[in-house]
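Chemist: TrEMBL lists these features:
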{"type": "ACT_SITE", "residues": "Cys30", "note": "active site, phosphocysteine intermediate"}
{"type": "COILED", "residues": "557-584", "note": "coiled coil"}
{"type": "DOMAIN", "residues": "8-90", "note": "domain 'PTS EIIB type-1'"}
{"type": "DOMAIN", "residues": "115-472", "note": "domain 'PTS EIIC type-1'"}
{"type": "TRANSMEM", "residues": "119-141", "note": "transmembrane segment"}
{"type": "TRANSMEM", "residues": "161-180", "note": "transmembrane segment"}
{"type": "TRANSMEM", "residues": "192-213", "note": "transmembrane segment"}
{"type": "TRANSMEM", "residues": "225-242", "note": "transmembrane segment"}
{"type": "TRANSMEM", "residues": "254-279", "note": "transmembrane segment"}
{"type": "TRANSMEM", "residues": "285-305", "note": "transmembrane segment"}
{"type": "TRANSMEM", "residues": "312-331", "note": "transmembrane segment"}
{"type": "TRANSMEM", "residues": "337-359", "note": "transmembrane segment"}
{"type": "TRANSMEM", "residues": "398-418", "note": "transmembrane segment"}
{"type": "TRANSMEM", "residues": "438-460", "note": "transmembrane segment"}
Amino acid sequence: MSKNQKQEILVQNILDKIGGVKNVKDVYHCATRMRITLFSDQAADIKEIKTISNISGALWSNGELQIIIGPEVSTVTNLFKTKLKSEKSGEKDVSFNTNGLIKEQNVSLWKRFLKSVSAIFGPLIPFLIGVGLIMALQQLLLRMGAVVIPSDTNKGNAFDIILNVIAGSGFKMMGVIAMWSTVRYLGGKTPIAIALALIMISPILPEAGIKLFSIGSWEIMLKPFYSTILVFIAMGVVVAYAQKTMDRYFNPVANFILNPFLTLLIGGLLAFFVMGPIMGVIENAMLIGFNWFMIMPFGMGALIVGLTWQPLVVLGVHNILFFAATTALVQPNAEPSIFLAAAFAAAWGQMGATIAVCIKSRKTIDKSAAFAAALPGIISGPTESCIYGVNLPKGTPFVTGVIAGGIGGWLIGIFSVGLESLAGLGGIVGFLAYNKNLVGAIIIDLATFGLGILITCLLWKEDKTEKSLALKTISKFNKQEFLTKDVDFKSQQFIKLIKTKVNTKNKSSIISLANEIKDELIKFNPEIRDNVNLFINNLEDDKKDNQLNKNLINQLLQIKTDRQKDLNQSYDNLNKEILELKKLNVITNAHLKLTTKKLNLENALQKALEIKEVKTASLFNKGQKLIASENHQKYIKGNELIQKSLENDFQAKKIAILDDKIKTTSVSVDESLINLNEKTAEAYKNIEKIVKEIEKIKKSKLDSIKDEFWNDIHHLQIQEQTLAPKMLVV
């Protein structure tokens, strides 16, 4: 199957699981995610979407469905849009702009803001990567002595001049792309917006600027808006809404003439004399705050960036900080960016965690999935495929990746390793962004990568053991049923009620439970009767007497009973029985190795069959093309190829060997499963016996706890679907 066919199938699968074409309101993409706004969110089942092949994950964020696709996201999104256009042709609501999305219902202002940021900044990312790589290439050629930076003393050759124009103009044009993206998002007229943005960076104005006024020692200058974003975004919002207002109220003929005229004239005056100075003050204040944060002592600023960057990627708010850092980096005489270097290091930590999963996973399909998820990030930086495809679903690898990233960021801060330009979003390509600090960056980033692997290998376990699962259950059991301590379990329960914060939702249940417990406690200590009744009365009257509660707790702590001693003993016995489950782990591990071996063999067989199918199809298609030729020799050759495709025994020996191995392994798996079922049944029987003793002491049913222990001990059979769970543990 070709790459295009796979992408077309992917698009169709996505459409099938989100309610079809008619449910799609808007679609766009960022670096790795396709972001879809739906008319009805209920039509899309996130669990079903996550099962789609060739995606790394899916999530709801800021009122939109985000599907993590990876480096192919641009191609897939374009295919998606083409599919929408073809199936919606003739309908009035065909639109792939995000017109009117800011007025969406049931989405908070903050979420709408974040969504707007993603939609506006998303298209800027490929532009910044391209420009950054060109600048990095120029720096590389400069170090090699292959080019020079043209100057009054050394004008260089034509190639030097043109390369310098391409590299130097990119970031100066950043605002133009930002305004285009803003106006496009808000449904305005992008050609006029681009024209206004080009006016705002006109070289007719001197780069040194013309002084307008001063705020203290701070001079507000009238100059081209190079290497800035905020003023273009602000003007983009003004322009888009102004254009739509004119469209609504002007006569069509007048609008045709006045709309571009007023947009360019008033927009230009507003940009230079109002928005420019205001946004300049705001942007400078942001940069001062940003720089202050990054020069915190002992590398603390970089440590915070390293620890929080990947969680911010999950939340989808990292773009705001990324573009703030980029803006700071491209200012005249800017210092190397420690922020971006720390963010790049954090990405290496997350990728290291994914590689650790690849190393530790027993199943070849999991190994290949982890490696495929890490590869795009290792090359160019984005970690969404690592996070959503591997680390976050498994839990621990994401945390260990964050820890490694934090350490890497801290090292970046300690040694002041900043990047001088922007090349890609990190990874190997990101090293081109460093000039003086290249060696330090490589050492720290690779050390962070290694830390991510090491910490994850030490802390993450692919398969949970029966013992570890049962220990969690007994801990929960103890908290729920008060099995330890020498104070009677009913006294402990009543003390918990006293300490519980009462509200309208739980008030009636607390009063009911207190009345249920009190008589039994009064039998053990009649002296508490008055205080107990007064406490219950206070609950009913919404009163709180701290001194009464304190005295009552002290009285309850004195109630110690023989039945509590029996509970303590039963708990100890149960704990010992759970510790004995380590013997069972030997059997489950042996069975798991066999099932993993069988799964790996089946995966290898499937790949061999796919290769054979592709080879057969290739021979057949070549034969069909040759048969269609008028050349007799080609016709004969075509028939031979078709016959060969029908008799194709490509990889037949390998397929036969794999098939035999699968059959042999299947017999071993079945035998192992019988043994495993016997041992797990025996282990559960011992635990169930002790839980029943606790039931007798407490005179209450503990079926849910028994079910949880049953699931813990039989977790491997449940995982392999040879047994069904006794309860769904949420």
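A Cβ is built for glycine as well, from the same backbone N, Cα and C atoms used for every other residue.
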Chemist: So what's near the transmembrane segment (254-279) in sequence-distant terms, Cβ-Cβ under 8 Å and 6+ beyond its ends?
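Modeler: Answer is 189, 192-193, 195-196, 199-200, 212, 220, 222, 225, 228, 230-231, 234-235, 238-239, 242-243, 246-247.
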Chemist: State the count of C-beta atoms found within 10 angstroms of the C-beta of the residue listed as 'active site, phosphocysteine intermediate', not counting that atom itself.
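Modeler: Looking across every protein chain shown, the total is 23.
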Chemist: Counting a contact as 3 or more Cβ pairs under 8 Å, with residues at least 6 apart in sequence, do the transmembrane segment (225-242) and the transmembrane segment (192-213) touch?
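Modeler: Stretch pair touches.
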Chemist: Six or more residues beyond either end and a Cβ under 8 Å away: which residues meet both conditions relative to the transmembrane segment (438-460)?
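Modeler: Non-local partners: 341, 344-346, 348-353, 355-357, 359-360, 394, 396-397, 400-401, 403-405, 407-408, 411-412, 415, 417, 419, 431.
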Chemist: Looking only at the domain 'PTS EIIB type-1' (8-90), what is the mean pLDDT?
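Modeler: Average per-residue pLDDT within the domain 'PTS EIIB type-1' (8-90): 82.
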Chemist: Using a cut-off of under 8 Å between C-beta atoms, tell me which stretch among 161-180, 285-305, 312-331, 398-418 contacts the transmembrane segment (337-359) the most.
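Modeler: Answer is 398-418, with the largest number of Cβ pairs below 8 Å.
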